[in-house]
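As written in Swiss-Prot, here are the features:
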DISULFID  CYS229-CYS231  disulfide bond
DISULFID  CYS262-CYS265  disulfide bond
Amino acid sequence: MTDQIQRFLFDETNVRGEIVGLQQAYADVLDKHAYPAAVRRQLGELLGAVALLTETVKLDGTVSLEVRGQGAVRLLMAESNPGGELRAIARLDDEAALPEENASLTALVGEAQIVITLDPRDGQRYQGIVAVEADTLAACLEDYFARSEQLATRLWLAADGDRAAGMLLQQLPDDASNRDPDAWERTVHLATTLSDAELLDLDQRELLYRLFHEEQARVFEPKALRFGCTCTRERIASALHGLGADELRHIVREQGAVETQCHFCHSHYRFTAADIETLIESPGAGAPTLH
């Protein structure tokens, strides 16, 4: 499976879509952690979903998708940007029993919320929140779109621990170019025949042809996707500054330096006592040089 996302639309209708497949990027996320099988699968669906959402909103910034719960899994989070970089992480309750391999989303997270964050480079951050009231991520996201009175949207997501894939259909606002008022109901009906195995196994163009060969579908050039972490020394320094001078100096006295690790990519960052003093005195001057 090639790590890529493709847009498509149906001529003379107000229906558009996207299809995504992930294998290497998915493996790069999972290789850094020893997650249970059910968590690996849910993270795959989350990665597929955030890639689809990023392509949908076309934001110059980052899109993140979080599931915050009270169950054995406390957090599932995936993030994407317009450059095609993806990353994801899960946090488990250390005292809870490991989830069963085929556990549903609700079985993993218990009472939970889904938080969608749009963080543009320039402009105001936006967050949308919806309660987890369905067993699948796709159904929860469809519920979010329905409740927020946005465009009618349907999603199909699948992951098996090795590969992840997804498809999105969306009904755009009606205009004069739409000469087929029944197109939305018809294309959704065709897509409901899609199985997880087909979504994971078939080439994207083959899959679209199999589903929509009687429609006038126009498929655009694919966009490559990959694992990429946005952590930097400057961002880590900014986060450390939030701990406050007293706490930072206490850590230095106890440990000789402040050391931390990115949860996403496991990059290691070390700040000496001198680095910390520079950070405290001049928080906006940039991160001290790596030692």
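Even glycines carry a Cβ here, placed using N, Cα and C.
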Cβ neighbours of CYS265 (disulfide bond) where a neighbour is any other Cβ within 10 Å: 16
Length of the line joining the Cα atoms of CYS265 (disulfide bond) and CYS229 (disulfide bond), in Å: 6
Intrachain C-beta neighbours of CYS229 (disulfide bond), sequence separation six or more, cut-off 8 angstroms: GLU85, ARG87, CYS262, PHE264, CYS265, SER267
